[in-house]
Structures are given as C-alpha cells and as structure tokens.
Amino acid sequence: MYTPLGVVEGSMTLRDATSQSYAMLEDMEGENPHHEGFNFRHALSELAEYSAENPDFAAGVGIWMMVGFSLLIAGLILFLFSEIKAVLVCRDQDFRKSLVDAGYMSPSAAGIAELEMRESRSMIPRPYLSVGGMMIIYLGLSCILYPICDILDIIDLPTVPCILLITLGSFFASFCIITFWLFVVWSCTRPWAAIAFLIISLSGNLLLPTGSPVLVVIWMVIAFGGGYFYFKYIPEQYALNGDERPSWVQDVGDYTISLDPGEWGDAASVSYQNTVDDVMRGMPSEATNLLSSTGLGGGK
C-alpha cells in the first residue's frame, strides 16, 4: 500500500517529540521528588493502612472525638441556658418600658423596684455561666482537632505549627460558633446587635477556611475592630455627650468577670437559687408546697 512520504515523516516526528517530552518530565521528577505535590488519594491510603496496622490509633482518635463533642455540647447548653435567661429578662424589661412610655404604667408602680432588683440579682451569674460555656466550647473543639497532629505526621505533612494550628483554629472556630448562636438568641429582642454577630460569624466561616493570612487579617479587623467600634466605642460616645442612643445602637449586656472569690461564691449561690426557683415554678402547687416545707425551695 502506497503511503506518502511526508505523512510518514510527520507522524514519526510527532512520536519522537512526544517520547522526548515524557523523558524530560521523568528527568525533572527524578531531580525533584516533590514535583508531584500532595496526593490526597495517596494520603488517605496511607492513613487507612496505618489505622489497620495500629488499631489503638483509631481508638485514640475516637476517644478524642467523643470527649471533644461531649464538651462541645455541654458548653453550648450552658452558654445557651445563660443567654436565653438574659434574653427573657431583657424582654420583660423592654415590655415594661413600652408600657411606661405609652402611659399605661408608672415607673414607680408598686412592686417594680423590687422586681428590677430581683432581675438584676438574677443576672449576677450570667457572665460566669456564659464565659464558662465559651471556654468549654473552646476546650471541646481543641480535643476534636488534637488528632490532626498525628494524622499530619502519618501522611508526611509538616507538623511543626500543629499546636499553633489547634490553638488558633479552635479559638476562631469557637468564636464563629458563639457569635452565630448569639445572633440566633438575641435576634428577637436586639436585632441590630444580632446582625452584627451574624456578620462576624458568616465572614469568619467564609474567610478563615481559606488559610490565607491576608483574609484572616481582614476577618480579624471585621470581628474585633468592628465589634469594638459597635459595642464599645459608639455607646461610650453617646454616653459622654449625654445623648440618647439611636435604635440601631444596641448591646447584649456585660460579660465582665470579677477576680474576687467572694463574688464567685455569690454568683454560684444565686445561680443555684435561680435554678431551684425555675424548677419549682414548673411544678404543680402541691409539689412546690412540699419542697418549700422541707427547706429546698428557698424564697421567692
């Protein structure tokens, strides 16, 4: 069969060029063993093989995860319990203020001063419970992320900044979780403050996973700079000028914790009494009278 010489020569030239290209790539990979970069499938294969050969490793990871999620749930429950109680008190105060502003109730009406004093005292444990819940959430996330150090070592990735990764990663993750739940809890009574929390949480969930230092710095400016400006600087300026805050300037209370052990004991006592009172208010009157007669019910 007749074949044009030009086609044969062209096809041979193309094969030769392709062979030479593959040879050059092989030489480059031989000179630089890291040329291929990180192979996710190969890393999973190594991790699965190591777990099969070392059952204790998988068990250890499971224990860390179980402890971490248990602490995370416990901290979240404690935090939400404290914040929801603060929201309920705040809504009652807002309702009374609306009645006073509309002329339906006098600010010096009977029982109002006593009620406000009782509400103020019931809020004493709030900073300790809320901040305590935040710290437990952070500890839980740290336990969840801790096995990453061993995993990075198994798949031959750098582990030098691992502790820093866990510390900062847990802090940023807990910060985003907390601000999200603050948005959820306070959205019904402090919508502008809730929107500020939502912006902080959403921006963190979008920018932090990128791992880009520039984007992380941008988020920190948004979260800490913007939060300080809205919740601290603006209210202080209105207070210094003696002006009334506009409706869009809102706060969610104080989270300052005292270093005085006496105040810690007072907060614990009030927290216990609040819990007992809440339980008794949800009981039938006969059970309430029985507990009160035994001295467990405390005072109303």
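Backbone N, Cα and C define each Cβ position, glycine as well.
Note that TrEMBL annotation is computational and uncurated.
Going by TrEMBL, these are the annotated features:
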type	residues	note
TRANSMEM	57-81	transmembrane segment
TRANSMEM	127-148	transmembrane segment
TRANSMEM	163-184	transmembrane segment
TRANSMEM	191-208	transmembrane segment
TRANSMEM	214-231	transmembrane segment
Positions on the same chain near the transmembrane segment (214-231), where near means CB under 8 A and six or more residues out:
175, 179, 193, 196, 199-200, 203-204, 207-208, 249, 251
Going through 57-81, 127-148, 163-184 one by one, which has the most CB pairs that fall under 8 Å from the transmembrane segment (191-208)?
163-184
